[in-house]
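Visitor: Just passing along the structure, written as structure tokens.
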Amino acid sequence: MVQEDNFAHLVKQDFEVLETIGAGGMGVVYKAKDANLEKIVAIKALPSHLSGLNLAARFKKEMQNLAKLRHQAIVQVHSGRSLPNGQLYYVMDYVEGTDLAHLIAQRQQQNRPFTVEETVELLQPIAEALDYLHFEANPRIIHRDIKPANILVPADSDSPSKSLLTDFGISLSTDTTSYSDLSLQLGTPNYVPPEFYQPTSTPSESGDNYALALIAYEMLSLDKVRNTMSTTGWQTTNRMIPNIRSTMPPGLRLMGRPLQRVFARALDTIPARRYRKATDFIRALQSADPRRYRMRVGVWGTATAVIAVALVAGTMILHHPTDAGRQTSRSSTTWPEEQAQVAKVFPELLPAGPDDTGWDGMKCQAVANSQRLGLDCANYRQRVWVYRYNSQEDRDAMANFSHNENRWVLNGVKCNAEVLLSDSGDEALLLPKEDLSEFAISVQARNAKRTLEQLPICT
């Protein structure tokens, strides 16, 4: 951990450190005056032990990516820097206000849970920010530490956003593939998804959305989901979903069944079954309130605090069909050789390179493991994966839904394929036959069947 006096001395040419805002396992946050801009900023100094992991170059690159983000519900990051002693830190906007953790603590003291309306009002901007990070940012970003303390509620009633997402200090860009990549604990234990405890798991936007649902549950019940089960029960990939009827306050028990359905999906142990977008979850939560939700301005407290932000990621995207599409400009970089071969098989669907866009403006990233490789593509409407397996046998063994589905055969001009549609209608799987029998195309969309039928694959 950085000592305040020492850090203030090391940055004194550029900043005047005014006070320590907060400290935790992932660093110390300072309020400071930027000598060049003559404005108040927040600085987060990461733990000193990270300086020995040769992360400086990647850290600065990630901070450059974060500085490009523009969203009214995301605290603006300005730059990432390192001190001569290797200490990493980044500079962001200073926000005066409180955080959601403080508001929840206040409500616990008052024994006054948030209503569904209040919960939606505070979490809607955060959900929109997450969708922006997951589907519109370039590169796409996963926050990986969504928790109440990282959600700011500005004191300024004229703020364009009711709440702000901050503290991106452990996020990683899309080239990071595992939770253990930094050789340090990522995320806050009370808000990590069950797949966090699977060593080979790949971070995804679904983990961020899962944490958002945990926060919503905590606001409505004034208790953490983590507190409803044992440590063993929590630290498993087969985590149980809490019983809403038994844990919610009396005022919400009448809505037990609708809320149970919403949280059962949002907190599903299988990421693919969860709401694909954070705003999808918020809309479902809003619809579970029998009183029709009306936007209103609320007063959330007067306590003052400041939070800083740092982020790194890896994300996915989703894809919705339109008549637009196809790849656009020539790529300045190329796919790995095997993924390039996949792109050549479906040239009307997949981009020629990482800097290009595919059908319907999708952006893609290369993915691979021991059994399959391919491209993961998406835009803000839906998501498409195109995988090539080692063999048809591997594909047929692995490329299946974990629940009941509807099946039919698609006979197209270019190929014939078996189609599997989930009961919910938002997931579909296309398994081509004959010459393309080693491929599988997976779709997530509001109407996955319609999306799949319009993809330029077999038609």
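Cβ coordinates are placed from backbone N, Cα and C, and glycine is handled just like the others.
The ATP binding site annotation in TrEMBL covers Lys44. Summarising the annotation, TrEMBL assigns domain 'Protein kinase' to 15-292. The transmembrane segment annotation in TrEMBL covers 297-318.
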Visitor: Across the whole of the domain 'Protein kinase' (15-292), what does the mean pLDDT come to? Round it, please.
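Guide: That stretch averages a pLDDT of 84.
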Visitor: I'd like the Cβ neighbour count for Lys44 (ATP binding site), meaning other Cβ atoms within 10 Å of its Cβ, all protein chains included.
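Guide: Its Cβ has 26 other Cβ atoms within 10 Å.
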Visitor: According to DSSP, does the residue listed as 'ATP binding site' fall in a helix, a strand, or coil?
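Guide: It is in a strand.
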